[in-house]
Amino acid sequence: MGGNVMTDDKMNSVTSGANKQETGRDMSNRDWWPNHLKLEILHQHSSKSNPMGEDFNYAKEFKSLDLAAVKKDLAALMTDSQDWWPADFGHYGPLFIRMAWHSAGTYRAGDGRGGGGRGQQRFAPLNSWPDNVNLDKARRLLWPIKQKYGRKISWADLMILTGNVAMETMGFKTFGFGGGREDVWEPDQDVYWGSEDTWLGDERYTGDRDLENPLAAVQMGLIYVNPEGPNGNPDPIAAAKDIREVFARMAMNDEETVALIAGGHAFGKTHGAGPASHVGPEPEAASIEAQGLGWKSSFGTGKGDDTITGGLEVTWTNTPTKWSNNFFRILFGYEWELTKSPAGAYQWKPKGGAGAGTIPDAHDPSKRHAPSMMTTDLSLRFDPVYEKISRHFYENPGQLADSFARAWFKLTHRDMGPRARYLGPEVPAEELIWQDPIPAVNHELIDEKDIAFLKDRILASGLSISQLVSTAWVSASTFRGSDKRGGANGARIRLAPQKDWEVNQPAELAKVLNTLEGIQSEFNSAASGGKKVSLADLIVLAGCAGVEQAAKNAGYDVTVPFLPGRMDALQEQTDVVSFALLEPIADGFRNYLKAQYPLPAEELLVDKAQLLTLTAPEMTVLVGGMRVLNTNFGHTQHGVFTQKPEALTNDFFVNLLDMGTEWKAVSDVKDIFEGCDRKTGEVKWTGTRVDLIFGSNSQLRALAEVYGSADAQEKFVQDFVAAWTKVMNLDRFDLA
């Protein structure tokens with residue numbers, strides 16, 4: 001036994017782990033197998049990490065909040081300067097604007113991820129990004145107010161609200177505020193911030209400065225652009241290209257971009273009092289006694305006039321705590337020459353010493369300075385498109401104020417989804433096209449008798465189960481849980497651009513919609529008492545009818561839950577450019593790939609499942625069901641592992657797990673595979689990477705085994721119906 005006896009230390013996993021931390025780090029499955037499928041993103045933000053309990057209703061709590069009292073407390077905080085982190089110019093407003101901006105500004109329109117909707121600035125990596133230096137202090141300054149109001153206001157809402165109050169206390173009229181951002185309690189795992197492994201790395205570019213999708217920042221750890229210019233090159237014209245690219249990826253046009261930069265830089269200053277070598281580790285790397293505060297500086301006092309944040313030392317205007325048009329007055333009022341901050345960062349000053357003594361010091365009333373600008377500020381003057389807009393704003397300050405108010409509201413609410421999700425007394429009445437408006441219900445809804453009648457009409461229409469299910473799926477599955485856009489409500493599948501997307505098979509879609517519109521017209525004409533059915537409802541109902549019939553074909557009578565209340569959006573309520581970003585490049589649920597991508601198809605499936613807020617079991621049962629319902633793009637038979645298509649059986653799993661089948665790639669690309677009889681070599685099935693991953697990946701195989709078991713058919717049908725219903729209702733915020 002002597003050679004096998006374990007010492008106490010070896011047996012004690014805690015002690016062993018502690019020793020391990022001193023010599024190295026524990027190896028995760030992903031360290032061993034870098035291509036390991038990242039299924040954990042389907043299970044983030046579960047109840048196990050949430051301290052609030054299953055009965056907690058944030059919307060209800062927020063509605064009970066005295067918002068005016070919160071704003072009064074925030075207004076008092078703005079000028080309550082603390083010795084441990086004194087306010088520039090005696091006002092914390094500019095710091096809080098930066099906090100709110102950097103909370104919301106991580107949003108990118110490409111996949112809807114990022115943004116301020118979940119309070120992620122509290123967690124890694126955002127809490128430790130180089131662009132967020134010293135925002136930890138802003139949140140600590142807010143803690144007494146958060147502590148006072150507790151569960152009634154989330155950190156996510158409080159950070160955005162504080163940015164609004166900051167502006168209002170400095171004389172700016174904001175456009176409004178909508179609450180409803182519910183906090184999460186762990187870092188997001190689904191957001192791809194880039195492949196770089198060093199701060200400020202920029203391996204995200206290829207070719208002629210082509211930025212990788214869906215990224216919306218030029219370097220790892222920045223919110224947008226490098227203020228010194230591309231890679232620190234102080235070229236305002238080149239910087240303008242970066243600005244235009246990343247702001248567009250945040251869904252901002254040129255006018256909104258100029259308004260945001262100029263409006264934001266009406267306030268406050270940047271901080272570059274000394275070399276960055278004086279700055280200590282970021283919050284996530286700081287010592288335990290720092291209690292989550294980072295970037296402790298050894299330069300002078302480390303605060304006040306000695307603060308080092310981004311390295312630039314720029315104060316844009318002579319009125320840094322008062323709303324004005326002085327940013328443009330100063331930008332156009334001087335000729336500029338390149339200089340460096342005390343930290344060594346490139347910035348600009350007026351030529352010939354002009355403007356000396358016109359800018360106040362942030363902490364010493366006896367000191368005065370010259371104006372200064374960043375390279376990216378000068379982009380607004382020297383890029384010809386930006387210059388025209390900037391000149392217009394300079395000459396029309398009222399237009400700047402309105403454009404900035406609207407752009408700021410869009411910046412801080414873009415990831416919240418439809419206006420129906422906004423809470424509180426300051427929600428603006430105006431409906432904005434980027435909110436993807438849908439008309440309010442203006443008619444009596446169909447009842448159970450009507451639903452049964454319409455199902456019968458649909459099933460007798462000549463449309464196949466595959467057509468009914470596919471159409472409902474492509475309508476509903478545009479939903480993104482990230483920014484709450486897309487979904488079946490609005491029936492935008494019949495409008496540009498969605499009606500022409502390849503994934504929707506436009507010719508077949510038009511046939512299905514024409515048939516359903518005929519049924520809709522017939523019903524609405526015959527109905528009395530103002531009762532109507534919207535096409536949005538009818539599309540979903542048709543899919544539900546198809547699923548019910550498929551279950552019946554498999555020997556099971558089920559009723560798929562259906563709740564009417566969707567409405568049909570108009571083309572003029574649909575921003576074509578914005579909606580184009582929702583076009584799927586892949587839909588593994590229908591075995592669709594628009595092109596070959598660097599990421600394998602199975603990763604794209606998981607990504608879409610995450611955007612649909614699906615769990616791994618829900619993803620699994622939906623793929624298995626969609627295959628046997630014959631819903632593949634182009635009617636391919638890849639993954640249709642059944643002899644009874646359009647019957648809701650568990651055949652996909654039974655046949656995938658059949659050890660009598662051997663799988664072989666048909667080409668070196670390894671995207672299509674043939675399943676051959678091990679004995680005869682006869683080809684039985686064909687499948688894609690998405691199909692085979694449910695037998696290859698150990699976690700997904702475990703789930704497939706559940707649904708492929710002899711006693712699993714009824715469970716499979718029930719679970720498919722539940723997951724299907726979830727997808728159909730993802731955008732039904734009116735039901736919450």
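Backbone N, Cα and C define each Cβ position, glycine as well.
Feature annotation (Swiss-Prot): of 98-120, 351-373, the stretch labelled region 'Disordered' is 351-373.
Taking a C-beta cut-off of under 8 Å and a sequence gap of six or more, H102 (active site, proton acceptor) has these contacts in its own chain: Q121, D131, N132, L135, I223. If you take the Cα of H265 (heme b binding site) and the Cα of R98 (site 'Transition state stabilizer'), they are about 10 angstrom apart, rounded to a whole number.
For the region 'Disordered' (351-373), DSSP puts the residue distribution at 3 helix, 5 strand, 15 coil. Taking a C-beta cut-off of under 8 angstroms and a sequence separation of 6 or more, R98 (site 'Transition state stabilizer') has the following same-chain neighbours: L135, A138, G268.
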